[in-house]
Amino acid sequence: MEEDIDTRKINNSFLRDHSYATEADIISTVEFNHTGELLATGDKGGRVVIFQREQESKNQVHRRGEYNVYSTFQSHEPEFDYLKSLEIEEKINKIRWLPQQNAAYFLLSTNDKTVKLWKVSERDKRPEGYNLKDEEGRLRDPATITTLRVPVLRPMDLMVEATPRRVFANAHTYHINSISVNSDYETYMSADDLRINLWNFEITNQSFNIVDIKPANMEELTEVITAAEFHPHHCNTFVYSSSKGTIRLCDMRASALCDRHTKFFEEPEDPSNRSFFSEIISSISDVKFSHSGRYIMTRDYLTAKVWDLNMENRPVETYQVHDYLRSKLCSLYENDCIFDKFECVWNGSDSVIMTGSYNNFFRMFDRNTKRDVTLEASRENSKPRAILKPRKVCVGGKRRKDEISVDSLDFSKKILHTAWHPSENIIAVAATNNLYIFQDKVN
């Protein structure tokens, strides 16, 4: 991260016109692939849109963060569970890329019930000169065939195709909240409210249940699983977080069913801060391993915390994301905003973390310098290549010209989903139905 963390540069933004934006257009997940060349977004309408980095822009410092639409496809359709009389939304909950092994790209996408493996490939040639079919693909009358032709490949305009290669269904009773690809690249896991399943990419009709916290009597249920992720380097290790603010690290070598954790991370509650909302705001909405695998980052309603895998009793770092909302918890409870699930991400070197807030604000915290900055993703101040100015929220007292009052924050505008390029300071921020791409300020 450059020294001036308090200034970022917007390089491009993909905007949909508010006049025709619908609920289906709201972006529900954002994810860079392992090289950062592709950026995938999923929305509430079940669509996946993939953006590709402009090749010419890589060598031009001012344009190195420009992405264009590469492929768009319908990943999930709305369904109906007739046994339970429940509608299954088409909304894309999570997208996860697999490392590229050949010319094609592979990604996982999931809604509440079904995970799909997609292959995204390019085609710039088409076969011609079939003997038994005409150019439109219709069968020819064998009696009209007088010569034997050798089919040839002809150049054509580049076409990007997305095809479903695997469908992993019928394994989750509750809503899927997480998917995570294992470092062995042969397996992945999917987590719902009460269970975590382990899948092999080649087997769609069977999965192994590795965590099950469902009590025999559902009235005894005290917590649910909120997020889960595999360790980036050790294929036997994974973590999952709960609505009680705890994190469990499990080792699949110890037991096939990982109901008994290897490590248990929990911060003791400060009795002086105890309130009616304590349990709600302590629920963890996201958990992420650092790229090094040494740390875990968690996000609850008001804070982002960094945990060392070797210290279970408290986090090594705690960052206040929007502590000024502590006095507003009652109204946030009434309008259901207190249940919003904010995600968090690391930069490529694990030195900076990023997470979202309200009013289309998002926050960055430099772990080394302990400096932080609040930035805004909005149409009004986001012209291409404009410098983003830090924003400040004023709590009571006199408000400066460049500050915004906590009472005037728009809670309908929220940054829940963000992504960071794996090796460069390029970030993607989803603000409702708009996607913004930001890059480092270039002097």
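Positions of Cβ are set from backbone N, Cα and C atoms, glycine also.
Computed from a predicted structure; not experimentally measured.
The candidates are SER13, SER275, SER378, SER382; Swiss-Prot tags SER275 with the feature phosphoserine. What Swiss-Prot records as phosphotyrosine, among TYR185, TYR295, TYR319, is residue TYR295. Swiss-Prot records phosphothreonine for one of THR298, THR303, THR355, namely THR298.
With a cut-off of 8 Å on Cβ pairs spaced 6 or more residues apart, the repeat 'WD 1' (22-61) and the repeat 'WD 6' (334-375) reach fewer than 3 such pairs and are scored as not touching. Residues 177-178, 180-184, 187-189, 191-196, 198, 208-214, 266-267, 279, 282-293, 296, 298, 300, 307, 309, 341 of the same chain, all 6+ positions outside the repeat 'WD 4' (220-260), place their C-beta atoms under 8 angstroms from a C-beta of that stretch. Look at SER275 (phosphoserine): DSSP puts it in coil. Spatially close to THR298 (phosphothreonine) yet at least six residues away along the chain are SER241, ILE247, ILE284, ASP286, VAL287, LYS288, ALA304, LYS305, TRP307, PRO315, CYS344, judged by Cβ distances under 8 angstroms.
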